[in-house]
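Record features, source Swiss-Prot:
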type	residues	note
COMPBIAS	215-229	compositional bias 'Polar residues'
COMPBIAS	239-254	compositional bias 'Polar residues'
CARBOHYD	ASN351	N-linked glycosylation site
REGION	210-254	region 'Disordered'
TOPO_DOM	1-4	topological domain 'Cytoplasmic'
TOPO_DOM	26-57	topological domain 'Lumenal'
TOPO_DOM	79-99	topological domain 'Cytoplasmic'
TOPO_DOM	121-124	topological domain 'Lumenal'
TOPO_DOM	146-170	topological domain 'Cytoplasmic'
TOPO_DOM	192-285	topological domain 'Lumenal'
TOPO_DOM	307-311	topological domain 'Cytoplasmic'
TOPO_DOM	333-355	topological domain 'Lumenal'
TOPO_DOM	377-400	topological domain 'Cytoplasmic'
TOPO_DOM	422-428	topological domain 'Lumenal'
TOPO_DOM	450-472	topological domain 'Cytoplasmic'
TOPO_DOM	494-509	topological domain 'Lumenal'
TRANSMEM	5-25	transmembrane segment
TRANSMEM	58-78	transmembrane segment
TRANSMEM	100-120	transmembrane segment
TRANSMEM	125-145	transmembrane segment
TRANSMEM	171-191	transmembrane segment
TRANSMEM	286-306	transmembrane segment
TRANSMEM	312-332	transmembrane segment
TRANSMEM	356-376	transmembrane segment
TRANSMEM	401-421	transmembrane segment
TRANSMEM	429-449	transmembrane segment
TRANSMEM	473-493	transmembrane segment
Amino acid sequence: MGKLAVAAITSLWVIPMSIIVNHIVPEPYMDEIFHVPQAQQYCNGNFRSWDPMITTPPGLYYLSLAHVASLFPGMLLMENTSQSFSEACSTSVLRSTNAVSAVLCGVLVYEIIRFLGPNLSDRKATFMALVMSLYPLHWFFTFLYYTDVASLTAVLAMYLTCLKRRYVLSALFGTLAVFIRQTNVVWMLFVACSGILDFTLDSSKQKGKQEVNQELHQSSNKKGATLRSNLRKRKSDISSDTSDPFNHGQTVPSTEDTSDLVYDIYTVISTSWNLKWRILIKFSPFIFVVVAFGIFILWNGGIVLGAKEAHVVSLHFAQIMYFSLVSALFTAPLHFSVNQLRHQFHQLHRNWSLSLILTLVALVAGFVSVHFFSLAHPYLLADNRHYPFYLWRKIINAHWLMKYILVPVYVYSWFSILTLLAKTRRQTWILVYFLATCGVLVPTPLIEFRYYTIPFYLFMLHSCVRSSSFATWLLIGTIFVSINVFTMAMFLFRPFKWSHEDGVQRFIW
């Protein structure tokens, strides 16, 4: 019932907003001026045609072909004309590819929430999925022909099927995700690693449980009451942990105990070595895709397809700082509540010496990142249609001290994200998540909030299964809706013109 409710309610805002956007902005805008004509070339059967300004693979265009093909018979009946297939690939129809993807994405979010939090009520899981469907960056680009919505949908489908241990299907969704946006290969590696963590830690616990059972059996003939009691206690501890290798919905040791991380890494490495052939077989579909992608990079001479001079891989470590703050601000009730501030202080107080060292290291890393690895891409400085343009000019670059003043806020935001994840995730999983986020964001020279969507969703999916009252989620949803109303109103009803270029310009993320 929850899936149907999510799909139906999501459609209630997707359909009317799509109609409004297509009515007011019928022509391709911004990046659509590249994507729409390219998709229309595919609709015409010109699969060898390629716009050299497009940086991403053609996965979205093939999805659109399938989407238009599914609509085409109905369009012929409704219009009662001999409209050709290529004529059916209008801007509005191509945009509807993302509208359908957004509905599917909401259902996937619901399914993942239910899997990670089986004790959650259907009502609360439905509400959480609906709130996450309103995430401003995801919601806004639902109504335009960009790759973001389809990319997120494919990644979530890959993750859900991996959680369910359907690895071949997961790798197929991963292939689609990479074919839509090539940086998704990093998220494919993340999903594969999370699957390996699941598999190896579960295997090691099952082995430990079998050893305890054997010891219990041997001790039964020795009348060792104390030994049997201790073994039963050990068995109980292992059994309670084996039911879920990631302790979904249960608090795991906090980040102050680094021995847990070291032990888990040792367990994963040793178990992986012992099970290396089984792991290679189970996860071989992921390996094939990653190897094929590596061959593509060698053949292509880089990761992007077109406009390579404007998308040079850079060391932009400040990008992960921006991600933490943007994510924390979007979900301020989670990060800046009295309870969360108290929890953060309690975590620091429990092991103040280690916490002090970690805080100092994080602050130093933050200062180094913003001082030496803070980039201002020419696109960022020249295009006042994007909100990051104003963020950079009015806040980050308003004064030379400002970027340093923000470092403690960045660090707090990351600590808050990690402590929320630590309530439901093992530290090895958190480490892999952090590395994947860095792998996607650090090489990217351009500040684009759209790039934060996938790591944001993964954080929210794993923090929501423990936290948060209904009121907290209602407040987050209110923030999302308020931002969406503002950004869409600015996009639709506050157009402006440039003196040096014809056409109407609009504010966009």
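Even glycines carry a Cβ here, placed using N, Cα and C.
On the 0 to 100 pLDDT scale, the topological domain 'Cytoplasmic' (146-170) averages 97 in the predicted structure. Residue counts for the topological domain 'Lumenal' (422-428) under DSSP, split into helix (H, G, I), strand (E, B) and coil, are 3 helix, 0 strand, 4 coil. Below 8 A, the CB atoms of the transmembrane segment (473-493) and the transmembrane segment (125-145) form 3+ pairs separated by six or more positions in the chain.
A coil conformation is recorded for ASN351 (N-linked glycosylation site) in the three-state DSSP classification, outside any helix or strand. Tertiary neighbourhood of the transmembrane segment (401-421): same-chain residues 254-255, 318, 320-322, 324-325, 327-328, 334-335, 340, 343-344, 347, 359, 362-363, 366-367, 370-371, 374, 395, 429-430, 433-434, 459, 462-463, 467, selected by CB-CB distance under 8 Å and a gap of 6+ residues from either end.
Residues 56-60, 62-63, 147, 150-151, 154-155, 157-159, 161-162, 285-286, 288-290, 293, 303-305, 432-433, 436, 439-440, 444, 451, 454 of the same chain, all 6+ positions outside the transmembrane segment (171-191), place their C-beta atoms under 8 angstroms from a C-beta of that stretch. Remote same-chain partners of the transmembrane segment (125-145), defined as residues 6 or more beyond its termini with a Cβ less than 8 Å from a stretch Cβ, comprise 2, 5-6, 9-10, 14, 17-18, 21-22, 28-30, 32, 35-36, 39, 60, 91, 94-95, 97-99, 101-102, 105-107, 109-110, 113-114, 117, 152, 330, 449-450, 452-453, 456-457, 460-461, 464, 470, 473, 476-477, 480-481, 483-484, 487-488, 491, 508-509.
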